[in-house]
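Data block below; observations after.
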């Protein structure tokens, strides 16, 4: 017919119409820079380079900067009392910095460190080991960043802390091991939250992260800051089945018992009192977060109670806004424990990472005391929190630099404490605002969907 062209003619016409775009090196350079800074796909390039850079940097630090003795000698003295002297009464185990106050997982790990470093004879071996521990933790946390689609400019922040490097390779604190197991736990939870079509794998991963979480707690109790969010996450992963969730809790308790068997058999009361002493007092002079107060107010039980109440209010607000149906789902599961319950509007892939990471940050904000090594508890989550808070590219790094200054300010002082409190409060408020706006949008979307379905039915 007239006006029609054959396919061959159309292809020929397309070839004739193609015009190669002009070469614009400046625009290409800008696009490349924009890609490397803002596009999460660039993390496949950025992350390996950062890990390589960190590996070399840690080597240089170990070689050029003198080891700083703070707690490692005390760890070794305590292990000697347990391993060489056969002391199993926790209340009698002590070192240069005081009594043993960590659970049996700490003892298990530092027995290995005692063998590696031969007590205090070869601390340099311990530094090398902690270098690998740092790099492993960094690689795992970057896996979390990749799954959560963080832009590269946020990822880079994970490698910029002077204080964190010293905590690992210059001081050999036990906090580093707890952080490793918590990163593994959160990574496992993120992966499990995406296993919508593989329920058996999801529940198996829930059991695995219960074990790794318990391992973290058995090294140092700061991992308990994750506990409320951990139970909610397991509840969601188990499709709101309270029995399966309780079985995961039993798995946590089982590890605590297994790792502490020698002490529980001999002196159970002393072990539980020393390893899980929630009333332990912290030294005011080394607490970097409340130096704007005097020592008397810092040690006041009313202040501790106010922090606890504020902590609980913040956690409750977090859970209710992120998972509004938590109470109805829990009640339904209690009424029908053997039935598979639908977790409505929970959105596991977003809810689980958010409640885990945000609840830990809330716990840090309302902690009675933060010593310098405690930075490792939450530093690895800062790139995620900054990204979630919606901070612009030019604001996030400024916040981070100020935050790092607070942790490097020595000795602890009121100016750094006040600024740290302000920075962390602002970050939490920004998280709350973005979360609230997201919840409102989700509720409106759900309402529109429900109304549309009702109209179709009518």
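Cβ coordinates come from backbone N, Cα and C, glycine included.
Taken from Swiss-Prot, the feature topological domain 'Lumenal' applies to 1-41 (among others), supported by sequence analysis.
If one looks beyond the transmembrane segment (42-62) by at least 6 residues along the same chain, the residues whose Cβ comes under 8 Å of a Cβ in the stretch are 35-36, 124, 127-128, 131, 134-135, 138-139, 142, 145-146, 150, 152, 155-156, 158-159, 165-166, 168-170. The transmembrane segment annotation in Swiss-Prot covers 42-62 (among others).
With DSSP classes pooled into helix, strand and coil, the tally for the topological domain 'Cytoplasmic' (63-95) is 17 helix, 2 strand, 14 coil. As annotated by Swiss-Prot, topological domain 'Cytoplasmic' applies to 63-95 (among others).
Sequence annotations record features per position, and here Swiss-Prot assigns transmembrane segment to 96-116 (among others).
DSSP labels the residues of the topological domain 'Lumenal' (117-137) in these numbers: 16 helix, 0 strand, 5 coil. Annotation source Swiss-Prot lists topological domain 'Lumenal' at 117-137 (among others), citing sequence analysis.
The transmembrane segment annotation in Swiss-Prot covers 138-158 (among others). Residues 36-40, 42-44, 46-47, 50-51, 54, 180, 183-184, 186-187, 190-191, 194, 353, 379-380, 382-384, 386-387, 393, 396-397, 400 of the same chain, all 6+ positions outside the transmembrane segment (138-158), place their C-beta atoms under 8 angstroms from a C-beta of that stretch.
Here Swiss-Prot flags 159-171 (among others) as topological domain 'Cytoplasmic'. Here the topological domain 'Cytoplasmic' (159-171) has, by DSSP, the following mix of helix, strand and coil residues: 9 helix, 0 strand, 4 coil.
What Swiss-Prot records for 172-192 (among others) is transmembrane segment, and it gives sequence analysis as the kind of evidence.
Summarising the annotation, Swiss-Prot assigns topological domain 'Lumenal' to 193-216 (among others). For the topological domain 'Lumenal' (193-216), same-chain residues at least 6 beyond its ends with a Cβ under 8 Å from one of its own Cβ atoms are 105, 147, 178, 181-182, 184-185, 223, 226, 230, 233-234, 236-239, 244, 247-249, 251-256, 348-349, 351-353.
Same-chain residues lying 6 or more positions outside the transmembrane segment (217-237) and placing a CB less than 8 Å from one of its CB atoms are 102-106, 108-109, 174-175, 177-178, 181-182, 185, 189, 192-193, 202-203, 205-206, 209-210, 245, 248-249, 252, 255-256, 259-260, 276, 278, 315, 319, 323, 326, 329-330, 333, 343, 346, 348, 351-352, 355-356, 358-360, 362-364, 374, 377. Per Swiss-Prot, the feature transmembrane segment maps to 217-237 (among others); the stated evidence is sequence analysis.
If you look up Swiss-Prot, you'll see 238-242 (among others) marked as topological domain 'Cytoplasmic', on the strength of sequence analysis.
The transmembrane segment annotation in Swiss-Prot covers 243-263 (among others), and the record cites sequence analysis as its basis. Within its own chain, the transmembrane segment (243-263) has Cβ neighbours under 8 Å at 88, 90, 103-105, 108, 203, 206-207, 210-211, 213-215, 217-218, 231, 234-235, 270-271, 275, 337-338, counting only residues six or more beyond its boundaries.
Taken from Swiss-Prot, the feature topological domain 'Lumenal' applies to 264-302 (among others), supported by sequence analysis. Each residue in the topological domain 'Lumenal' (264-302) has a pLDDT score, and their mean in this model is 92.
Swiss-Prot lists 303-323 (among others) with the feature transmembrane segment, giving sequence analysis as the kind of evidence.
Residues annotated as topological domain 'Cytoplasmic' in Swiss-Prot, with sequence analysis given as evidence: 324-345 (among others).
The feature transmembrane segment is assigned by Swiss-Prot to 346-366 (among others).
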The topological domain 'Cytoplasmic' (403-415): DSSP-derived helix, strand, coil residue counts: 8 helix, 0 strand, 5 coil
